[in-house]
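These come from TrEMBL:
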- 26-254: domain 'ABC transmembrane type-2' (DOMAIN)
- 29-52: transmembrane segment (TRANSMEM)
- 64-85: transmembrane segment (TRANSMEM)
- 112-135: transmembrane segment (TRANSMEM)
- 141-166: transmembrane segment (TRANSMEM)
- 178-196: transmembrane segment (TRANSMEM)
- 229-249: transmembrane segment (TRANSMEM)
Amino acid sequence: MKPLKQLKQLSAVAGLNLRLQLRDPAPTLVLTVIPLVLIPFMMPAFKAMLLTDGYRGVSGAEQAVPSIAVLFSFLAVQNIIDSFFNERSWGTWQRLEVSPLSRPTVLTGKALVAYIIQSAQILVVLSLGAVIFGFDPKGSLLALVATLLSFSAVLAALGVAIALWTHSRDTALSLSNIVGMLAAGIGGAFCTVSSFPDWAQDAARVSPAYWAIDAIHKVSLDGQGFADIWPSLAVLWGFFAAIAALALVQFRYRQE
């Protein structure tokens, strides 16, 4: 198939999925607004933790805004899962599968929309956190955006993988919430990883949340840039590759 034709088909699938998602924006809006309600309650605790770590002149927003944003980004994975099961119940997925479109094009289009929505959600939360609570990164804004986009890719892949590997909506949503809360918790979304016991600080590294928050911490508090956070970004893309591979394995199995 010619690349231009493939691109047009991918654009059509992504456009259809985006329109379906925008029919009911309430879940995404809720998961964007609730973090902004919780952040001021978390700021005093995070301020105390940052002062303990040796930072001065902090308000707590430096850690509270990105940490809560990461937590609710994990919770937003359920929207990706819902979209898959909704389209199955509506018959949209089945109609696309019997259309001239290839199955990889259909899956790629859905995954692309999932990535766009995940990225928009976390970017909006941090932007509003900057306006409302004074979250003001000292380092490179481009490095910060690169971190958010990398983390969103991991979560989009996670949502697609869970949707493909599970056979019921309830199972998928339960698994998503369990994985999300655990990964966010051990990754430092509820308190700074430096406050963990030594063994827990080592365990935190198995969570993509740890690497995202670590990179954001370096940019927002330490004034660092790409040269300092690229190892964290590399780990995030490693998570993406592993999770995407799991999704592709199940996708190919269903094709057979």
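Backbone N, Cα and C define each Cβ position, glycine as well.
For the transmembrane segment (112-135), the partner stretch with the highest count of Cβ pairs under 8 angstroms, out of 29-52, 64-85, 141-166, 178-196, is 64-85. The transmembrane segment (64-85) shares the most Cβ pairs under 8 Å with 141-166, out of the stretches 29-52, 141-166, 229-249. Counted over residue pairs 6 or more apart, the CB atoms of the transmembrane segment (141-166) and the transmembrane segment (229-249) come under 8 Å in at least three pairs, which marks the two as touching.
Taking Cβ pairs closer than 8 Å, the transmembrane segment (29-52) reaches residues 58-65, 67-69, 71-72, 75-76, 79, 121, 124-125, 128-129, 132-133, 191-192, 194-195, 221 in its own chain, all 6 or more past its ends.
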